[in-house]
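Data first, discussion second: the structure below is written as structure tokens.
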Amino acid sequence: MSSEDVTRRLAQVQDRVAAACVAAGRPPGAVQVLLASKTMDVATVRAALAADAAARAAGSGTPPVLLGENRVQELTAKAPALVDLSPTWHVIGPLQSNKVTAALRWASAVESVADEVLARRLSDRVRDRPEPLEVWVQVNVSGEATKHGVTPDAAPDLAARVAALPGLRLAGFMTIGARSDDERVVRDGFARLRAVRDEVVAGGAPGTGHAHGLSMGMSGDLEAAVLEGSTLVRLGTAVFGARRPAAGTVA
Ligand SMILES: *Cc1c(COP(=O)(O)O)cnc(C)c1O
């Protein structure tokens, strides 16, 4: 995809997000955009970051886009080549223990924490840092077997345990929406994540005071997610076009 195409598509996506905020009665800019750059090459990601910087310089008023990778291998391949632009990287896929060190060289946040073992490993690696590592608890709201994440029922307890670990700052909750053509089903799933968030914040356990974030909504369901309170949408195909299927790549 040409850099003109990426520029145009990013502008369209930001318009979609802004319109969704208006439709939800929320202030424009209430929702941040993360670009899911899996399978995209460095030049394409660079074009998107340049387009974002240009839009903001022209007064778009949008917060800077974030970048997200599912696989640590892709993160460590792309991040060094983009270091001059100092993007903020989030890990958005399951993180194996043997990849934690490599991931933490580049990622400012891990959105896919779904068990206490990973949270403890992250905490051990960052507890001596001056700034905490941002973590999100991933919840499987649809119950689909292919999806990573803790069950909604178990999420509040896990969140409280994660939030109490040294060096971590629980920023909120992440989910991948139900794979369904029924808008009601998709929205119910997002509402479920919001209910988990509300329960945890209201519970007031130590370290949960910042856990207001809701990372939910992708290219096909961002409007539903924004209506249900998303604060961060993770977008791939809407900006970059269809991904070429690559061996071993989670689509
Ligand atoms: C790929 C991916 C996205 C973006 O998906 P699109 O449908 O291409 O927008 C968002 N979140 C996660 C975890 C992903 O793996």
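Even glycines carry a Cβ here, placed using N, Cα and C.
In TrEMBL, annotation is done automatically, which means it is predicted and not curated.
Cβ neighbour count for LYS38 (N6-(pyridoxal phosphate)lysine): 20 (other Cβ atoms within 10 Å of its Cβ, all protein chains included). As annotated by TrEMBL, N6-(pyridoxal phosphate)lysine applies to LYS38.
Under the heading domain 'Alanine racemase N-terminal', TrEMBL lists 54-243.
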Query = What average pLDDT is reported by the model for the domain 'Alanine racemase N-terminal' (54-243)?
reply = 97
Message = Helix, strand or coil for LYS38 (N6-(pyridoxal phosphate)lysine)? Use DSSP.
response = coil
